[in-house]
Amino acid sequence: MLTLFALLMAAAGLILAVLAGYVARRRRTSTGWSLAMLLIAVAWWGLAYAAELSTEEIATKSHWGDLKYVGVCLVAPVWLTFVLQYIGRGDLVTNRLLGLLAVEPALVLTVLAVPATHDLVRHYPSSSAGEDLPIIAVGPVFWVNLVYNNLVLLGATALFLTRMARLARNYRRMAAVLVVAALLPWAANLLHNFGVGWFAHLDLTPFAFIVTGAVLVWGLFRERLVNLSPMARSAVVDHMADPVFVLDAFGRVVDVNPAGTAVMRSARGAVIGRPLVDLLPDLPDQAMILGARAELTLSADGDSRTFDVLHQPLTDPSGRPAGDLVVLREITQRVKDRQELQRLLDEQSRVAAALQASMVPSNLPDLPGCRLASRYEPAGDGTEVGGDFFDVFALNSRTWGFVLGDVSGKGAEAAAVSAAARYTLRALADPARSPSDTLREVNSRLLVATEDERHCTLVYGYGRPTTEGLAVTLSLAGHHQPLVLDRGGTVEPVGRLGSALGLLDSVDLYDSAILLAPGQTLCMFTDGLVEARHAGEMFGVDRVSSVLLEHSGEPLDDQAGHLVAAVRAFHGDELTDDLALLLIQSQPCLPSRSGEIG
């Protein structure tokens, strides 16, 4: 009798294995694969259990019983995976979820594999030797695994029932059959584990799973169980809001849904049999090209509607062309939104251009004793306003001022602070005051004028031509040190770093005086130059120095252009931060002009 039962159990395992192979071959979807894995797990369970029953030696029985647990531990997680994919929540089946579901089975199998902890799961008592159907002794880990498996199984089944209860009545009938089939092995396993009657000696779970597997496979292939929308074509098409036209091989309409007749404003009989190009004379030629996208606008009684034309060729069973399916998906609101977005972008571009123009001079002045060059490069595509600015202006007949700065952030608010800083500095600039004193006053004005904490970094100074060169006094408000390029082939930073403006009432600022001999160049820049990144590395001051040295003998404007080209080549694509440059090169000053600014 025991041998016959072992053979039947082995047959059950083989049947389940065959079903698993059939599903894997026929239904290569995520749901099909999870069902195949479920059947494989139970097949392994049944085959290992058959081997366990067919031997009389306790050690061999224990070995096959342990191997059986691979299938036992996999059933509940795989069932949950199948249910989630079946009800359309395959997005929840992530690597993280699979990893969490694998933790408990892995721990149980590890405990079972280690001799020292093996009996915490299960073992054959020594007193069971010689018995045909000995009752297995179980340990605490067995009960933990039993509770875990049953919670997962019940949770997945409840999730399935909840989902199916929301569907049409015909789905509920299929769901009831599936749930009953799923509960059979669950009930058989509980009766065995709790030692109820003769179930204590035999585990009929794999046998019961033959019924469950057959129902699942039947539902998968015969009743489209995995597809939750087995509705008739007419019910789908007739209730679609999009116009649908079915054409024969000659382009004539052979079927149309109510939405199609509504958009044509004609009865169905007036549409059938007519070429679609006659019904829709404005239909673009590319609309009937496979893979092409086309838009169609229909106007009637002053009302305009726009559709996205979707085209799918139809073929007969032999693969020959039989006609076409044309669907008009309305995108009227999307087109209006797109037009409005384009209008806003155009307006934004105009505003950005106007704001940006207010932050840099349209032309640099012609000053005695020096040459000037500048660059401003916006970030991105240039539609977003940045906070970089610069200016050069006369202070009196002998002295002129310069400023280059950067306001934190982007957008209209940053531009407003930049404009405020630039014009406030122009108004307060006085050659009789040191640059640091002027910046302290600018800081006070910015604190009053700006509500949010937008800080500003800048370099401000003034120059005065002399017979020895260009005398420059400057102050750095939290800004990068300018670089001085000597024709002898050296580049040195100048200035002492002070506090940024617009943050604190009291700021630490310092003045630095330098003399630019004829031919020497003062290079000022914003952080968009030195902090441009590529693969985590910044462009840096060293690269700025190298570019200046490499092109030191070229015209000043060309040097500025080489700096911009170098940082763009280094960064690649569009800049992520705007960039401003101001270069001042000392020139010999003629005696006739040494005292006045032209």
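Heads up, the Cβ atoms here are built off N, Cα and C, so glycines get one too.
Here's what TrEMBL has on this protein:
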- 229-277: domain 'PAS' (DOMAIN)
- 290-343: domain 'PAC' (DOMAIN)
- 6-24: transmembrane segment (TRANSMEM)
- 31-49: transmembrane segment (TRANSMEM)
- 69-88: transmembrane segment (TRANSMEM)
- 97-115: transmembrane segment (TRANSMEM)
- 135-162: transmembrane segment (TRANSMEM)
- 174-192: transmembrane segment (TRANSMEM)
- 198-221: transmembrane segment (TRANSMEM)
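Here the listed stretches are 31-49, 69-88, 135-162, and the one with the most C-beta pairs under 8 angstroms to the transmembrane segment (97-115) is 69-88. Averaged across the domain 'PAS' (229-277), pLDDT in this predicted model comes to 76. With DSSP states grouped into helix (H, G, I), strand (E, B) and coil, the domain 'PAC' (290-343) comes out at 12 helix, 30 strand, 12 coil.
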